Structure formats: C-alpha cells, structure tokens
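Here's the structure, in structure tokens; my notes come after.
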Amino acid sequence: MSNANPFFSQSLAERDASVRGAILKELERQQSQVELIASENIVSRAVLDAQGSVLTNKYAEGYPGKRYYGGCEFADEVEALAIDRVKQIFNAGHANVQPHSGAQANGAVMLALAKPGDTVLGMSLDAGGHLTHGAKPALSGKWFNAVQYGVSRDTMLIDYDQVEELAQQHKPSLIIAGFSAYPRKLDFARFRAIADSVGAKLMVDMAHIAGVIAAGRHANPVEHAHVVTSTTHKTLRGPRGGFVLTNDEEIAKKINSAVFPGLQGGPLMHVIAGKAVAFGEALTDDFKTYIDRVLANAQALGDVLKAGGVDLVTGGTDNHLLLVDLRPKGLKGAQVEQALERSGITCNKNGIPFDAEKPTITSGIRLGTPAGTTRGFGAAEFREVGRLILEVFDALRTNPAGDHATEQRVRREIFALCERFPIY
C-alpha cells in the first residue's frame, strides 16, 4: 500500500543501519569462523523465524488457560506445543518452558525446594561445575550454605564417595548433579541414592548434555531426579532459554509458582515459539544422527590433540566437550583463546581441576563439537581443525605473544573450510 505506515514497513537496514551493520558483522563472523565453544550451537532457520515473530509483542503472564491478560489464545497454543514436545522428548510428566535461561531454571528450583540458609551440595566451579550450583559470587552461593564436591586428583572423575561423605556430614536439603566443564557421564542413580540417604531432593542440571540425552545416548535423569533443569541451546540446538522437568505433581506446582510469579513476570513467547520448534526437531531421527556425529567428532578431535602432545582431562570424553590441559605445551588458556580467535577458531579459556592459574588466565581451554557438526563437519573436518589448532599451539611456544604468519595462514585454511559448509 502506498500509504503504509513506515513503522511497519521499513526494514532494519532502512531504520537502523548501525544495529544492522553490527548484526551483519556477527553473521559474517559466524559464517567464516569455526565455533568450538562447547555451550554454543547454530539454530535452524525455522527457529530464527519463530523467535523473530510477532509473538514478541504478546504479554502472557500465567500459564496456558490461566493467563492474566486477554488475547492469549495463540500464545497458549504455542506454549502447549512446547510443553507437550519436551515432555515427550524426556518422558516427563510435567514441564515448565518459561524460564528465560538455565540460571533462571536453577533459581526457580532453589526457590521452590530450599529456603535461604539451607545447605545445598553442588559441584565446585573449579572442578567443572557451574556458577549457579553454589559458587560464592552467585545468588546460590549467597543465599544458601553452599557445600561443594569435586573430582579425584588421580582420575579427575567425580568422587562419589566424597559426595556421599559431604552429604552425610552436612545434610543438604538439595543436591545438584550437573556441570559446565566435565567430559564424562554422570551416575544419576548413585546421586539419587546419596540424596535419599540424607532426605535431600536431587536436582540434575542437564544443560550441556540435554541433546545427548534426548537422542538416547546418555541415561535420562528424569528417571532418577526429583527435578531436572536445562537450557534449550547447547546440544539441544534451540534458542537461548531454559526449562524444568519433573514427574512429581507437587514439585511441579511449586516450580510453576517459583517461575511465575516467584522469579519472572511475562514469559518470552517468541522464545517459547523457538523452543517449540527446536523440541520438534529433537524428536526426529535426523537429530539422533546429528548427536551421534557430535559424539564421534569429539572423539576425532580429541584423538588428534592427544597425539599432538596435549593432555585431555580424564583422558578423553563421553560427550560433546573436551577439556584440554595445555601445561604439556607450556601454554595458558587466555593466551591460546586469543591466538585461536585470531586464527578463525573460537573457544574459551577454562580452568582445569586443581588449576594453579587464576580464572582469568587458566591452564586449559574447553572445546566442543556441536556447532561445527551442525554446519556439516564430520570426523575428517574435525581432524583437520585439530591439526590447525596444534599448529597454533606450536607457534605460540616459539612466539608467546602470537605468530602472525602462522595465525594468518591458519585463518585462510579455516575460511576455506567454512566456505565448504555455509550457514544461512
């Protein structure tokens, strides 16, 4: 229409060139770099479309059928789809898909099942846990008496005997099983037995491995835990957000009240639409094939790195992530993160268990295969990426501030690799 309101017709490029320019530069970065950050992935065009939809306009405080605003008929439809699909994926009786993030999901569980001052037992951040599991800077470390378990110095594996001893000693009301940098499977049955022995509730934070569990390649924590939290991105390959699952109806009621009105107001309906799409994708056989490739690619990348002279914490991986110990190369995590980014490879510096370096320096990096696998990389491509990473490592040993020639050459090879597997 010739008299159309430009507010509704002008594109982002026409209305705000500065923001559009930044987005285009980020798109180019994602297209031309290899993403190895283990907590990142690449969503489908369908998820992008859902998250950029008119649902961003809709306030929908409450839950389907029980909203505090009118006009929620179709918001209800979208949220019901998300709930039904995620329940089907994980064989759960109840689901809340409104948490804006994994941290919000974890906070909701703590609000529902613990009181300020209660003891909470979780994995320490320096052993591979997450901030929200009782780290001192986080709310969970300030409002609760946070006791932390770790890993064995000999094996770098979770010390379940220590977990049990700490539980018996401190009698927590909530035990948390989950991680942000732990490459091995979790024994949910053992965690539940420990929780039952002291009358604690067990919360599993499956954020990193939700996709692996969805594909049936890891035990399902819903069968063991009182409550399960997760993000919707990472291996599940959805938009950034969270959700909570339980088979206990009374806990489900408490969780719903904790999410709204306890922690949040209106849900982000456009994000919930993206979640619904991603959950639908996770129910397909193609998704199971994808996860199998994620796991195989992690093995391929790890094999190359080990052969090249670095150590992998625990000696390898059972999932999508690798925790790389750089000490055999005499390198630091921050130094390597920066050099790899200059070379077209993004990862993050990460402490290793019993690390002597500061968190801003670290002795390790964390790598993951979900994003590269999404864009189509197979084992051959990840072996090539591993070879290029080792070249950057070895150049840093000679030139600790960075070897420009090596980094530029690697960057060209990475760019050529990415061009073979385009995104968007």
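A Cβ is built for glycine as well, from the same backbone N, Cα and C atoms used for every other residue.
Over in Swiss-Prot, the protein carries these features:
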- Leu125, Gly129, His130, Leu131, Glu250: (6S)-5,6,7,8-tetrahydrofolate binding site (BINDING)
- Lys234: N6-(pyridoxal phosphate)lysine (MOD_RES)
- His233: site 'Plays an important role in substrate specificity' (SITE)
C-beta crowding around the residue listed as 'N6-(pyridoxal phosphate)lysine', within 10 angstroms: 28
Longest CA-CA distance among Leu125, Gly129, His130, Leu131, Glu250, per record bound to (6S)-5,6,7,8-tetrahydrofolate, angstrom: 31
Leu131 ((6S)-5,6,7,8-tetrahydrofolate binding site) versus the residue listed as 'N6-(pyridoxal phosphate)lysine' - Cα distance in angstrom: 17
Separation of alpha carbons, His233 (site 'Plays an important role in substrate specificity') and Glu250 ((6S)-5,6,7,8-tetrahydrofolate binding site) (Å): 28
DSSP three-state assignment for Gly129 ((6S)-5,6,7,8-tetrahydrofolate binding site): coil
Listed in sequence order, residues with CB under 8 A of Gly129 ((6S)-5,6,7,8-tetrahydrofolate binding site) and six or more positions away: Gly122, Met123, Ala135, Gln148, Gly178, Phe179, Ser180, Tyr182
Site of maximum Cβ density within 10 Å, from binding-site residues Leu125, Leu131: Leu125
